[in-house]
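What TrEMBL says about this one:
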- 1-44: region 'Disordered' (REGION)
- 30-39: compositional bias 'Low complexity' (COMPBIAS)
- 112-141: region 'Disordered' (REGION)
- 112-130: compositional bias 'Basic and acidic residues' (COMPBIAS)
- 131-141: compositional bias 'Low complexity' (COMPBIAS)
- 156-176: region 'Disordered' (REGION)
- 157-176: compositional bias 'Basic and acidic residues' (COMPBIAS)
- 350-483: domain 'AAA+ ATPase' (DOMAIN)
């Protein structure tokens, strides 16, 4: 209620307490205002502010008294007083609320300051930790640098010592070489002096014995001349008497001529008989030059390898697919072929010619050997690549092979590996006249089925065969890459052959660690996808090599898996090296089910 009593706080109010206009008061006199301004001009700024704070405005008190009197006369004086009280209470409550809000703001500021302090402390700790790490890294770098400098210093010292040692050794070697050279020079001088002395002594002796030597030479020459002259005279007299006796006696002339004729006839007959005997022995007992391997008994081979010959004669496997792992349908069909071939041999029937084609290393050669042994026949293996280099002699060599095959009493299975090397198409292939003649000779000898021999051809690209060759074939068998089950069987077979059996025999530096062999073989079968039987057999050999290369001679599971992974990686690399034409030629490399066509 400051407006009621007419006082002000610091600055003069611009309006009434409730916002209404103040009643106008008498203006101050000009003399008073001028005096006041003159007095204030001599005061400082702070003194003027202090004086203004304690000034009393009498006009405002008069206006307040006048307003109070007016209010007392009004009929609403009591309501105005109550309203003023209520306004004052409201201002006090607002002031208390502002005070509490200010206190809450102060508390919030304190909390925020604590949070800021904590954040600053955390950042400070993080920065200190970072600096400590950097300091530790720097110290580590310094220590490493010092260590490297020490190593470099040691290396320089060692190099210097080594250089000095080399220089010392070089000096010693030079001194030793000079000493040896000096000794050799002295020895050579001594030898020369001894030789000169010997030569001088010998020359002296020769000079003294010269006359005696010349006399001995003359005597020997005279004796030799007399002996030769007597020999000539004796031979001439004997030949003259013989010729005279022969010419004067007709019976001796006839006998001499007949003896010479019989001698010439004997020489010619012996030469012809020897050639005929040699050809007979080559055809009946020997082995033709084109045949690389055969199970047929040969006296020369028996003398060279008697133990292998006895084993081959005693060993007779009962199953043609022993040691051969193929797909079930293919095994069933091959077993039928083996049984039919054996019965054909026992009944002296006509053999059927077979073509086996497919990727390399799928068991074609192995099955051909098993087929011949199972049926009781002999087998002979030749390669088509050996025919081309023979040139004009290829025709004769082919005829010798078939003549030799016809002389077999047990029957012969003639296996020609890589047969497409010389049995190519005559219409589309550019082949030489020698190869064409060799092909015609082969066609001539295989025009009809024979009870003496059975023809088995093997090729990776059967589409290159001449049509006439296809006409000679009775059955065609495709050998494909092994599937998952076949790979697992092969891995188990070669793991037992190359790992378990040598370990059971107790060979030196060959032991096997205990692990789950079955699970490992199944895992490796999945890793070896696309690999042939030959590649898997080489994997078995690599397991042995890994065991032999280890320090303790123990084969672990990790070693087996590592070798398998390396073999699979090498197989993928080999497949990546194939050109597009090779991939088309060997289309069965990509897999597929094995089947037989008839």
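Using N, Cα and C of the backbone, Cβ positions are placed for all residues, glycine too.
Automated prediction, rather than curation, is the source of TrEMBL annotations.
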Notebook entry, point to check: Could you give the number of helix, strand and coil residues in the region 'Disordered' (112-141) as assigned by DSSP?
Noted result: 30 helix, 0 strand, 0 coil
Next item on the list: Summarise the model confidence on the domain 'AAA+ ATPase' (350-483) as a single mean pLDDT, whole number.
Entry: 87
Next item on the list: May I have the DSSP-based helix, strand and coil counts for the residues of the region 'Disordered' (156-176)?
Entry: 21 helix, 0 strand, 0 coil
